[in-house]
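Participant: Let me begin by handing over the structure; questions about it come next.
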Amino acid sequence: MDIGIEKIGFYTPKNYIDIVELAKARNQEPDKFTIGIGQDKQAVPAVYEDAVTMAAEASHQILTDDDKKNLGLLIVGSESSVDESKAAALFLIDLLDLPENIRAFEIKEACYGATAGLQMATDYIAAHPDKKALVIASDIARYGINTPGEVTQGAGSVAMVVSANPQVLKLEGKSSFMSRNVGDFWRPTFSKTAFARGKYSNQIYIEFFETLWKQYQAEFSVSADDFKAMLFHIPYTKMGKKAMRTLQGKISDAKYAQLEKEYQASILFGRQVGNLYTGSLYLGLLSYLINSDVKSADQLLLFSYGSGAVGELYSGIVGDDFKANIPVAEIKALLSDRNKISIADYEDVFQQSISDGESVDPTTVSGHFYLSEIKENERIYSKK
Ligand code: COA
């Protein structure tokens, strides 16, 4: 039985900042941010947006009534959770009008969460071939104003329907993974921003890729030539390239040049949005499927990495009708129809939050879903 991703949706906030303007405001060379880090724009969430509202938006873009009827599993992967106890997935039952006979919960393991969800959903479909699963990656990446990580912030959500009809990407069940207790990045429960040993996290990311690539080749008797592209978790778009460089000299120059070309297609959207944390790999997949010359039956290798740390390298085969199952026009419109805000306005929004007893004026809301009020310390969400 074929199992994998049937459709993918995407959401990113309406507002963004220009990375050159950010560099100037931080007295940095613009080339460091645009070339050295590899970003152009950074999504800035509104005060009424969070992991829940963005997850609802990305899911709303793809879910039909038929999908909703057949959903048996809903997993939200997030490291920007809105509650220490209640799962983001529960709010979505109401916002998306989902049935109650569904297992709904949240997974956390830094940027690996959505991959854990995807693998779990694949197992679920193997046991329940008539059902569907919804796996959502939803995050706001925050390091703080004037920190080294600030240039690698971002926000957005990727929603994937997993089923026995994998029109977008068939998952072959070939996967190598590893987990190790590492202090490269963390966010204590008291803090809204992450702490990172930036250079160390780069080093571990690269080491995990090298180890897993060796393991994957030995386990499945493959070489780089078997893959049309290698897609990476991209906290910033230079990162995947650093890991890919470890292949230089080990594979033919022609193959390396081709993989580099494919990589460029996979980072086009990431450059416009910034870090999605657990959604970053899947935004890279979307970017690649929309912006490259990839064809159905091409084989892709995906590298998922979550600080802390878990890494997984797995492969997928591009589905028969992948473009028809991705809302290409909506995604392109979402990215092109945004508002640039000033660095001063971004700094302002960054500090804002809704307090207990406060509510949001719905006429100021740009999307379909929003945090409408906090009442008795409970977050109340609404749809327009
Ligand atoms: N033109 C072009 N490139 C330039 C440049 C210029 N004027 N000035 C600097 N650069 C390059 C540097 O050579 C470097 O490239 P390299 O990484 O290929 O060596 C890159 O820009 C970044 O410069 P660096 O001095 O290392 O930046 P930094 O000390 O500000 O830290 C991060 C960068 C990524 C470590 C930091 O943003 C961070 O901590 N991010 C959060 C953690 C993270 O994203 N981890 C990823 C793993 S999940």
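Just so it is clear, glycine is given a Cβ too, placed from its N, Cα and C backbone atoms.
According to TrEMBL:
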ACT_SITE  Glu79  active site, proton donor/acceptor
ACT_SITE  Cys111  active site, acyl-thioester intermediate
ACT_SITE  His233  active site, proton donor/acceptor
BINDING   Tyr143, Lys242, Asn275  (3S)-3-hydroxy-3-methylglutaryl-CoA binding site
DOMAIN    2-164  domain 'Hydroxymethylglutaryl-coenzyme A synthase N-terminal'
Participant: Cys111 (active site, acyl-thioester intermediate): which of the recorded positions Glu79, Lys242, Asn275 is the nearest Cα neighbour?
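Facilitator: Checking each of Glu79, Lys242, Asn275 against Cys111 (active site, acyl-thioester intermediate), the shortest Cα distance is to Glu79.
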Participant: When the Cα of His233 (active site, proton donor/acceptor) is compared with the Cα of each of the binding-site residues Tyr143, Lys242, Asn275, which one is closest?
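Facilitator: Nearest by Cα distance to His233 (active site, proton donor/acceptor): Asn275.
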Participant: Measuring Cα to Cα across Tyr143, Lys242, Asn275, which the record gives as the (3S)-3-hydroxy-3-methylglutaryl-CoA binders, how far apart are the two most distant ones in Å?
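Facilitator: Of all Cα pairs among the recorded (3S)-3-hydroxy-3-methylglutaryl-CoA binders, the widest measures 21 Å.
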Participant: Expressed to the nearest Å, what is the distance separating Asn275 ((3S)-3-hydroxy-3-methylglutaryl-CoA binding site) and Glu79 (active site, proton donor/acceptor) at their Cα atoms?
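Facilitator: Distance between the two Cα atoms comes out at 12 Å.
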Participant: Identify, among the recorded positions Tyr143, His233, Lys242, Asn275, the residue whose Cβ has the fewest other Cβ atoms within 10 Å in this structure.
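Facilitator: Least crowded of the recorded positions Tyr143, His233, Lys242, Asn275, by Cβ count within 10 Å, is Lys242.
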Participant: At the Cα level, what's the spacing in Å between Tyr143 ((3S)-3-hydroxy-3-methylglutaryl-CoA binding site) and Glu79 (active site, proton donor/acceptor), rounded?
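Facilitator: So the alpha carbons of Tyr143 ((3S)-3-hydroxy-3-methylglutaryl-CoA binding site) and Glu79 (active site, proton donor/acceptor) sit roughly 13 Å from each other.
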Participant: Quick check for the class: what is the C-alpha distance, in angstrom and rounded, between Glu79 (active site, proton donor/acceptor) and Lys242 ((3S)-3-hydroxy-3-methylglutaryl-CoA binding site)?
Facilitator: 24
